[in-house]
Amino acid sequence: MLEQFLHYDEQLLIYLNNLGSLRYDAFWLLVTRIWFWIPLYLFITILFFKALSYPKFYVAILGYLLSFGISFGLAQWIKVAVGRLRPSHYTKISEQIRVLHDATHFSFVSGHSATSMAIVVYVVCWFTHKNKWIFLLFLWPLLFAYSRIYVGVHYPLDILVGYFLGAIVGVAVFYGIKYLISQNKPSTTQ
């Protein structure tokens, strides 16, 4: 059963990856780079700065960084524990896909998917009631993750499990930070 599931995962990768064309390669190679998203990271920081007062701002930014760090660390640990080769390093698959980027280490789970989803879920938890457009941030992990399939370094399952891991981390960090903030409120009783 697991072999059949992994076969479907490989077939979906081959299909999605082969939707690409030379015309769009430069775009997806840009999107897959972490530094391409620096303006978004700055935008999120500004969002927190404008919405939160002095002490809350720093605690919220700490949560933002924790969301990234925890999801990144867990993704790296899972990659080593599982040891799934990237499609670009698996001859049976690499001969059937377009490999545009040579990534190192293992494939499962996608660190790009986990970290981007953790950050977005964390930010959306903060701003759901303050900004109706905040859900547009979910476009980031979608684009980021598809770029990893497009350039031939992740299977769809790597992406989906990365999303799940990131969402759990983002929610957990949000509630942990909210708890810390609630514990540090000045007492209203005399």
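Even glycines carry a Cβ here, placed using N, Cα and C.
All TrEMBL annotations are machine predictions without curation.
Here the transmembrane segment (26-49) has Cβ contacts under 8 Å with residues 20, 57, 60-61, 64, 100-101, 112, 116, 119, 123, 126-127, 131, 137, 140, 143-144, 146-148, 150-151 of the same chain, all six or more residues outside its ends. The transmembrane segment feature in TrEMBL is assigned to 26-49 (among others).
The transmembrane segment annotation in TrEMBL covers 56-78 (among others). Distant neighbours of the transmembrane segment (56-78): 44-45, 48-49, 105, 108-111, 114-115, 117-119, 121-123, 126, 162, 165-166, 169-170, 173-174, 176-177, 180-181; these residues of the same chain sit at least 6 beyond its ends, with a Cβ under 8 Å from one of its Cβ atoms.
Counting residues of the domain 'Phosphatidic acid phosphatase type 2/haloperoxidase' (59-174) by DSSP class, helix then strand then coil, yields 84 helix, 0 strand, 32 coil. What TrEMBL lists as domain 'Phosphatidic acid phosphatase type 2/haloperoxidase' is 59-174.
According to TrEMBL, the transmembrane segment annotation covers 106-127 (among others).
Beyond its flanks by at least six residues, the transmembrane segment (134-153) meets 13, 16-17, 20, 24, 28-29, 31-32, 37, 40, 44, 86-88, 94, 97-103, 107, 110, 112-113, 116-117, 120, 123-124, 127-128, 159, 162-163, 166 of its own chain at Cβ-Cβ distances under 8 Å. Marked as transmembrane segment by TrEMBL: 134-153 (among others).
The transmembrane segment annotation in TrEMBL covers 159-181 (among others).
Beyond its flanks by at least six residues, the transmembrane segment (106-127) meets 32, 34, 37, 44, 47-48, 51, 60, 63-64, 67-68, 70-72, 74-76, 78-80, 82-87, 134-135, 137-138, 140-141, 144-145, 147-148, 153-155, 157-163, 165-167, 169-171, 173-174 of its own chain at Cβ-Cβ distances under 8 Å. The list of residues near the transmembrane segment (159-181) in space but at least 6 beyond its ends in sequence, with Cβ under 8 angstroms from a Cβ of it, reads 56, 59-60, 62-63, 66-67, 70-71, 74-75, 78, 108-122, 124-126, 141, 145, 148-149.
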